[in-house]
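**Student:** I'd like to ask some things about the structure below.
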Amino acid sequence: MADPPGCCHPCATCLLCLYSCQWITAKKEKKKVLHTTKCDCSWFIFLFCVFVFTLVWLYFAIILLNDFHNFNEFIFKQRKLWLDWSLVLLIATAMLIIYLSVLLVLALCLQLCGQPLKLHWLHKTLLILTALVVAAAFTGLEIKWAEEWRSAHISLQATGPFLHIAVVGGMTILAWPLASFIYCTYNTGLKVVLLLMYSALMIALYLAPLGIASPCIMEENQLPPKPALVGHRGAPMLAPENTLMSLHKAVDCDVQVFETDVMVSADGVPFLMHDEELTRTTNVQAVFPERAALNSTAFNWTDLQQLDAGSWFLERKPFPTVQSLSAGDRDQATKQRIPSLEEVLEAIKQSSISIMFDLRPENHSDYQTFVNATLEVILQSGIPLQQVLWLPDGFRKQVRQQAPGIQQVYGRKRLHNEMEPLLHVNLPYQDMSFEEIRQYRQDNISVNLYVVNQPWLFSVLWCSGVTSVTTNACQVLKEMKHPIWLLPSSTYLMIWIVVDCTSFLAILWAFLLMKKCSRRRQPAESETDVLLTKINSLMQQ
């Protein structure tokens, strides 16, 4: 192994041993010059591609955090096992990224030191396994959670300008080992191919901002009002969902609407419950073990009042915020029971917020009876009907006739041949582009999007002009006084030009410096060749 220029022998040996796992061979081959073969180059390219592939998955994993509570609920329904799977996902992805980063840094250091890139078979195996695991993760995402691709597209509106800067910076740093390799190799065809690929990629990156569109690239005076907050089942990060405690916590968060789910008991009492079964949010398995798997509507109100609807919150910790609850809040949580709709409406009258609810299950044979029972409770409660937002599509015409003051909210976009104008729509945040949001806003249609938990997503929707958002994290979004970032177009243009120019100059400097270093090495190498030739001639004589 030749002594590397600009790199001490022990350091080069250590790098080669870590990358190639040649702890003994590296010492034995001091006098033997090792070269990087085409196969070695292919493995380095594969390493770089797997690193980028895994980095993209890490980005997706961070985006998924906004909706991961839904995934946790899905797993519980299937396996009756509660775990915060987002931690498992992030830890596993971070470990893969760290491993690949170390390998990549080792390879780049070896190249700068003029050492061969002999990747060990163990690293090759792990690389292939990593690629397969990440590919399986993307495949599972496509099959089970395809709407998250739209979430990723929305996230680019928040991160696009900054991802552009990061990628340009990373590719600029890559110019140093690339220049070193080009000036060290004698394969002209390979040089041309690498230079053309790198140049094309950099040109594409320099022009990428032409395709970046974000609603937050606007003047300060164009920023729409902050969206109102709708408490998703109350404030589920601070209290057990769909309880009176959760309602009161939501009021403390300044939410304007309490969003919940209503079911009707076997004896006709409307009550708050999201799941068709009671197992996730009550102790029904302990109180009624033989009936635990029954539909929530199969229980009468007397049975439902016996259930504890709060202790599960402290035991399973559905959100990390549970850890920080005060002793008083913990004690209050253990005393929560399933509330009736009548109790909730009375509390809402006192707080002057609105209530928006779904009536479940929609496919029940007695659904019309459920509608009638729910309407009866609303009308008898004395709550101003404008404070009630009606989501269920079933028997909507009947609801309009019996309670015309109730605000009708639709879970769809408006139609071209709409008979009656839509005033309120309630949709998943993935289902509306920011152009549609702005058009609805101009047409005085109230748009509520759900479920929005992360500040970056709230910022994008704020800049888009959405009317309100349904959230689990009302305590977080309440504190936001401004979007995370807001850039005038002129400022963004200046940042774009500065970043591209700085990158171009750094790349130019890297190639010029590496060319100068390679010329310094050439005379020494030529003198060595001449000396070896003379020694060989003398020996032959």
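Including glycine, each Cβ sits where the backbone N, Cα and C put it.
So TrEMBL lists these for the protein:
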type: TRANSMEM; residues: 41-65; note: transmembrane segment
type: TRANSMEM; residues: 85-109; note: transmembrane segment
type: TRANSMEM; residues: 121-141; note: transmembrane segment
type: TRANSMEM; residues: 161-185; note: transmembrane segment
type: TRANSMEM; residues: 192-212; note: transmembrane segment
type: DOMAIN; residues: 227-481; note: domain 'GP-PDE'
type: TRANSMEM; residues: 493-513; note: transmembrane segment
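Surface or core, plus neighbours and distances: that's what I need for these features.
**Tutor:** Sequence-distant contacts of the transmembrane segment (85-109) (same chain, six or more residues past either end, CB-CB distance under 8 Å): 15, 18-19, 44, 47-48, 50-51, 54-55, 57-58, 61-62, 64-65, 68, 71-72, 75, 117, 119, 123, 126-127, 130, 133-134, 176-177.
Proximity of distant same-chain residues to the transmembrane segment (192-212), defined by a Cβ-Cβ separation under 8 Å and at least 6 residues beyond the stretch ends, is recorded for 156, 160-161, 164, 167-168, 171, 174-175, 178, 181-182, 492, 496, 500, 503-504, 507.
With a threshold of 8 Å between CB atoms, the same-chain residues lying at least 6 positions outside the transmembrane segment (493-513) that come near it are 161, 164-165, 168-169, 171-172, 175-176, 179, 182, 202, 206, 209, 487.
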**Student:** Which bits of the chain, at least 6 residues beyond where the transmembrane segment (161-185) starts or stops, bring a Cβ under 8 A of a Cβ in it?
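**Tutor:** For the transmembrane segment (161-185), the list is 108, 111-112, 114, 191, 194-195, 198, 201-202, 205-206, 208-209, 212, 214, 217, 487, 492, 495-496, 499-500, 503, 506-507, 510-511, 513-515, 517-518.
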**Student:** Taking every residue in the domain 'GP-PDE' (227-481), what is their average pLDDT?
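**Tutor:** Mean pLDDT, the domain 'GP-PDE' (227-481): 96.
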